Each structure stands twice: as C-alpha cells, then as structure tokens.
Amino acid sequence: MLTGSIVALVTPFTQQGNVDFNALEALVNWHCEAGTDAIVAMGTTGESATMSHDEHIMVVSAVAEIAAGRIGVIAGNGSNATAEAVFLTERMSTLPIQGFLNVNPYYNKPSQRGLMAHYRACAEASDLPQLLYNVPGRTASDILPEQVAELAEIPNIVGIKEATGEVSRIIQLKKLCGDDFILLSGDDPTGCEFMLQGGHGVISVTANVAPEKMKAMVAAATAGDASTAKALDAEIASIHEAMFVQANPIPVKWALSLMGKLEANYRLPMLEPELPQQQHIEQTLKQAGLI
C-alpha cells in the first residue's frame, strides 16, 4: 500500500474556510473507484501548513475511515519543528493508517545532521512505516543520498518521496539503499522515467484530476513496459504542466472545481489562480476530455 499510483490529496474547504467533509468523502470514494493505490492525506497538496493540529488529525482520521479496507492511507506528519512533527506522529499512530510521509523541515534550512536527527526522532515516535520526503524547491533543504542510506537502516524508515526532478537520484538511491527501499517520484513530469529507472511508484498531484490515467501509466512503468508507459504519459503531459502553472495546490484545486469535485476555496496566503492561468487550466482539461 506504499507503492504504485498514490494521490497527494487536496483538502476541500467551504466558503467559510472550514474543511468540507462531504466533498472530502466524495473525493476519497472517487479514488477508491478509480483504482488509485493509496492516498496521502495532509501533505503539501492538502495545505497542511495552514491547518491546526486538530484539523490535521481530523482530516487524516476521516480519510482513513472512508477508505478503510479499500485503499491505503498515508498521513503527512511533517513540520519545520521536530517537536511538532513528533506530536503529530504520536497522535496519528492510533489511526487506521498504513504509514507516514515526512517532509524535510522547511524554512529552517537545517544541516544534514539536523535533517537526520529530525527523521530519527520522528521514527522513534511510532512503529508505523515512514517515508522521507525530499522537496528542496519548497523546503530549502535537500537530504542527500548518502544520508538517506543511513536513515534506511532504521527499520521503520522504508522509503522516500524524491521530488527534486533529478532522475539520476534514483540510480544513486538504489545503489546505496538496496532494492527493498521504496522509491517514489514526487515530480509528475519526470515520474514516468523515474519508474522506468526502477522507481516503485508516484505520489502525484496529477492523480487528483486524472486518477485512472495516472494509474494506467504507473502500472505500465513499474512493469517495465516503457513504450506503453511513455505513450500514456504523453497523454497526460499537458496536465502535469497545467498543475504547476502556479504553486501547488492552487492549480489542482481550480481544476477540481471546474470538474465539479469541490469549491475553489483556499486558505490564505493561497488564492485562486490568476485569470490567464485559470484559462490555461480550463483549456487543458477540455483538451484532455476531463470537462
């Protein structure tokens, strides 16, 4: 349940800024029906940085309850404060989830030793499997393959979401961490090639709007069927691009609103896309047959 086509789920809000649990339930049910392999709740795409602890835990709990027995749920447990990440990890360990996704501490710019100490503390807070999450473009910190290999020796640190977009990283990680360490792409435009080089799946933004297409591409790529995977990826390449015309999750929530899946409500400082980006997203969805 920690491999394959995993969606980095958005969090729907009402116009009043509260979590829209009805829309959330509909999204989870849709992914269960579409063949998505697992859901990440309360990651970056879920706007976790603007959620209170109670909201964070309630969303993960709701997703886990709705998805129970159908697909796996991975809870985001990251924070720029290690104590906060440990707190969330401990609180959510009792929920029916399959593991955690732990982003590099953001803004603080810790050293490699600091990153490793952070991840060790989080791993000690729960026996559940934990995935590291490396996304330097958002966190201003980059955990290097050599340090990942050290952390991979901790029994419940079982993999990494690698979002640098550097496919060469997977070669280094496979060499240093071994074949059993789970390697997931966190960069949709390069995800297909990442898997063809030996990756085990994706944690995807595009999967929010095109779950069946993403599932088919991931299945082909992880099976080593390069020609089919590349052809399927070419069909959704324009969606990959459109989902990042502004900072995630601004475009993907706008896309889902056009598809009638939720209302386009964000938490400040996030706002709806600018008009040219709105038009580009709409045109892309129309060309893809999604609206």
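Note that Cβ sites are derived from N, Cα and C of the backbone, with glycine treated the same way.
Pulled from TrEMBL:
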type	residues	note
SITE	Thr44	site 'Part of a proton relay during catalysis'
BINDING	Thr45, Ile203	pyruvate binding site
SITE	Ala49	site 'L-lysine inhibitor binding'
SITE	Asn80	site 'L-lysine inhibitor binding'
SITE	Glu84	site 'L-lysine inhibitor binding'
SITE	Tyr106	site 'L-lysine inhibitor binding'
SITE	Tyr107	site 'Part of a proton relay during catalysis'
ACT_SITE	Tyr133	active site, proton donor/acceptor
ACT_SITE	Lys161	active site, schiff-base intermediate with substrate
> Within 10 Å of the Cβ of Thr44 (site 'Part of a proton relay during catalysis'), how many other Cβ atoms can be counted across all chains shown?
Replying inline: 25
> Between the residue listed as 'active site, schiff-base intermediate with substrate' and Tyr133 (active site, proton donor/acceptor), what is the CA-CA distance rounded to a whole number of Å?
Replying inline: 5
>> I'd like to know which of the recorded positions Asn80, Glu84, Ile203 sit within 10 A of Tyr106 (site 'L-lysine inhibitor binding') at the Cα level.
In response: Asn80
>> What whole-number Å value do you get for the CA-CA distance of Thr44 (site 'Part of a proton relay during catalysis') and Asn80 (site 'L-lysine inhibitor binding')?
In response: 13
> So which recorded positions out of Thr45, Tyr133, Ile203 end up within 10 angstroms of Asn80 (site 'L-lysine inhibitor binding'), measuring C-alpha to C-alpha?
Replying inline: none
> Within 10 Å of the Cβ of Tyr133 (active site, proton donor/acceptor), how many other Cβ atoms are there?
Replying inline: 27
>> Just to verify a number: CA distance, the residue listed as 'active site, proton donor/acceptor' to Glu84 (site 'L-lysine inhibitor binding'), in angstrom, no decimals.
In response: 17
>> Whole-number answer please: how many Å between the C-alpha atoms of Tyr107 (site 'Part of a proton relay during catalysis') and Ala49 (site 'L-lysine inhibitor binding')?
In response: 12
> Near Ala49 (site 'L-lysine inhibitor binding'), how many other Cβ atoms are within 10 Å of its Cβ?
Replying inline: 19
